[in-house]
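Copied over from Swiss-Prot:
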TRANSMEM  1-21  transmembrane segment
CARBOHYD  N209  N-linked glycosylation site
CARBOHYD  N411  N-linked glycosylation site
BINDING   C433  heme binding site
Amino acid sequence: MALYIIFLLIASSFILFSFIFSQKPKGKLPPGPPKLPIIGNIHQTVGGLPHYVFRDLAKKYGPIMHLQLGQVSIMVVSSPRLAEEVLKTNDIVVANRPYSLVGDIVLYGSSDVAFGSYGDYWRQMKKIMTVEVLSAKKVAAISGTRQQEVNNLMEYIRSTCGKPFHVREHVMQRNNNIICKSLFGDNCKQQHVLIESLDEMMKLSTGFNVSDLFPNWGFLPVISGYKSTLTRIHKNIDSILSEIFEERKIKRQKGGASDEDMLDVLLNIKERGGLEFPVADNNIKAIFVNMFVGGTDTSVATIEWAMTELMRNPKVMSKAQAEVRQLFKGKNTILDKDLQDLVYLKYIIKETLRLHPVVPILLPRECRGPCKIGGYDIPMNTVLFVNAFACSTDPEYWDDAESFKPERFENSSLDLNGRACEYLPFGAGRRMCPGITFGMSVVEIILAQLLYYFNWELPNGLSPNDIDLTPNFGAVADKKVPLQIVPTLNSLK
């Protein structure tokens, strides 16, 4: 008991000392809500979905606002005009990521592309991912793997026609298979365990972890068990990946190198050498964790949200099915190359990503130096958040912004590449997601086949208005209530 009291006294003194002597940012800062001692504005950001909370606060305090979350000073941008100042005008200045214990422990010292600090090493690895791993050519090269898993999904649905189909569960299973086979071929014996560990990591990455909000208090992740949990997750992931790597190296020694999958591609790059920063196994592992995290939940959530909106909007569903069925009339198999002319389906996907962005708040950026945004002074080391959801539903830029209208993309130059900041499904600038082509290849082929081969109804007499549209609280904003729909087989005549 005495030791406990002593600990409390020491901790209280440390907290008070930190509060009294903490430096306040200088200059003309953006407005924001009043702060409490020590916790700042933390109490105003809990209790709701962050992209909704930030949007509602922005209505009161403006399109750029200052929040103090514990010891971390953040700015939240909620308008396309100011998002452009962040992601384009000041892109190089705000190209860093803030420190994350998850990145440090699980992602091999943040040596990955998603969470790594901006610099020469990061630029090299981003180029490798963009050119060697995730280019359109490489994505096309694994179309056979993608097609096989999608065919398996369609066969499963055929075998269960008339029964409720759990969209997320079954699409997730096939999508995970696509990613594993794309990375490792068929060599992923512990795929289920690997996915479970990655899911646990994602859950721990959700929201604002107290350890990241009070980085000066190094004891927090220790006494809370957060650090030990992350270490356990890292060991699980590393053990599985190390086994895969060792088996592949033995195979390569016997039969030579190839370009069959992404592991071979990256091992070839490692063995060729000649890079400014030699690529180690751990660097490749970090990229693979990025691929899993960025390619699993996001694609599946997009498919589920798209099917949700199609079920809620029967006229849109009918128009989409008519397009697919007219284009593929009589075909028993649909290939990637057949998707080029599905114009209306692409509008549906764009509108889904506008109204239901799977990453509604872009990954945070950190200022490498001071800059100005919206006429305000943004100090060095400030963390910046862009509320992509607020931008893509801003009524100044979008007519009837809360409604699902794929036709709004007719004669529109907006694309998925972040050229206009009112539409940022994958971010923009240097930190834009490099996996757009890979992810969209899965989304398009699955949606096209779901619409071509099957008709869909809601179970148990539900009406379209009964569908719950509440997003989940998580790193990916999928549906809180998973979508279940009933398929019946469409005649291909």
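Positions of Cβ are set from backbone N, Cα and C atoms, glycine also.
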* Asked: Taking the Cβ of N209 (N-linked glycosylation site) as centre, how many other Cβ atoms lie within 10 Å?
  -> 17
* Asked: N411 (N-linked glycosylation site) has how many other Cβ neighbours within 10 Å of its own Cβ?
  -> 6
* Under a criterion of Cβ-Cβ distance under 8 Å and sequence separation of at least 6, what residues of the same chain contact C433 (heme binding site)? -> G294, F426, G427, G439
* Asked: In whole Å, how far is N209 (N-linked glycosylation site) from N411 (N-linked glycosylation site) when you measure between their Cα atoms?
  -> 43
